[in-house]
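See structure below.
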């Protein structure tokens with residue numbers, strides 16, 4: 001991390017000074033969601049409650065999976081990592097946003113901004129591929145239940161998760177380094193409530209065509225690749241469910257994928273809205289609204305979606321509560 005800091009600061013300084021005829025920017029100021037002081041206090045309270053709910057929901061789900069032997073399956077192994085990524089995703093933005101709600105000047109250094117961008121992109125990419133891995137897991141469980149243990153062994157699960165984290169960090173690092181090659185001068189005001197690539201590119205005073213093309217290609221590629229895996233998996237699942245003769249069997253097969261399908265629809269919908277679109281049609285104000293939903297709401301909803309619609313999770317939670325009640329008595 002120190003090496004990354006040194007590279008970013010040195011590269012940013014060298015490139016900005018080389019442009020000349022401009023005052024170099026070393027920190028940024030966020031406009032936030034609103035300039036209304038009373039509304040900012042209200043938003044602080046809302047964001048704090050939602051962030052704490054995200055923490056309790058996601059880490060509660062992780063702990064429940066860890067201490068419940070009946071949940072020690074590939075599906076819940078992936079779900080525990082999705083919960084971790086969800087909370088990390090929110091934590092890359094929410095703490096700084098909460099502080100800014102209470103500050104008159106919402107400033108941040110270039111280094112801190114770069115770290116936030118890198119973490120944000122890393123966890124977005126991780127979530128994309130985790131959702132696609134979970135879709136494949138549901139495909140195997142429904143279409144090839146007898147081969148489930150053979151097709152998705154423990155070692156494969158670990159390799160898939162490790163690959164997701166490594167690839168996500170690589171994409172985040174590449175995008176952050178590419179952003180450091182931009183020159184930021186004169187204006188240092190970012191029209192957003194956190195440091196994202198899109199508003200940063202809009203602020204740059206150097207040529208941004210390469211960076212914009214890179215952002216579009218990488219965002220489009222990762223969204224499309226993961227979405228194709230999801231669509232193919234659910235295509236096979238859909239036809240497999242149609243071949244089930246009993247209504248009860250169809251209902252059981254569908255219920256195992258319903259929560260995951262709900263989560264996918266919400267997440268991909270906001271991602272497609274936010275990133276793979278041309279600059280001329282991109283509204284930063286609309287991006288703020290989508291970002292609040294993507295960064296704050298979805299990571300909080302996911303534990304509820306997977307808990308309330310999943311009988312195995314509800315049964316495991318019920319057993320834990322019963323054990324606690326017996327221990328208290």
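Cβ atoms here come from the backbone N, Cα and C positions, even for glycine.
The membrane topology recorded in Swiss-Prot places residue 71 on the side opposite to residue 180. Range with Swiss-Prot annotation transmembrane segment, chosen from 24-44, 45-65, is 45-65. Of the listed segments 288-308, 309-329, Swiss-Prot assigns transmembrane segment to 288-308. The most densely surrounded of the disulfide-bonded residues 113, 205 is 113 (count of other Cβ atoms within 10 A of its Cβ). At the 8 Å Cβ cutoff, the transmembrane segment (74-94) and the transmembrane segment (288-308) share at least 3 close pairs (sequence separation 6 or more) and count as touching.
Helix first, then strand, then coil: DSSP counts for the topological domain 'Cytoplasmic' (66-73) stand at 5 helix, 0 strand, 3 coil. Outside the transmembrane segment (254-274), and at least 6 residues removed from its termini, the chain residues within Cβ reach (under 8 Å) are 124, 127-128, 131, 134-135, 138, 141-142, 198, 223, 227, 230, 234, 237, 241, 287, 290-291, 293-294, 298, 301-302, 305-306, 309-311. Taking residue pairs at least 6 apart in sequence, the transmembrane segment (45-65) and the transmembrane segment (221-241) share fewer than three C-beta contacts under 8 angstroms.
Listed by sequence, the residues of this chain that lie at least six past the ends of the topological domain 'Cytoplasmic' (242-253) yet keep a Cβ under 8 A from its Cβ atoms are 142.
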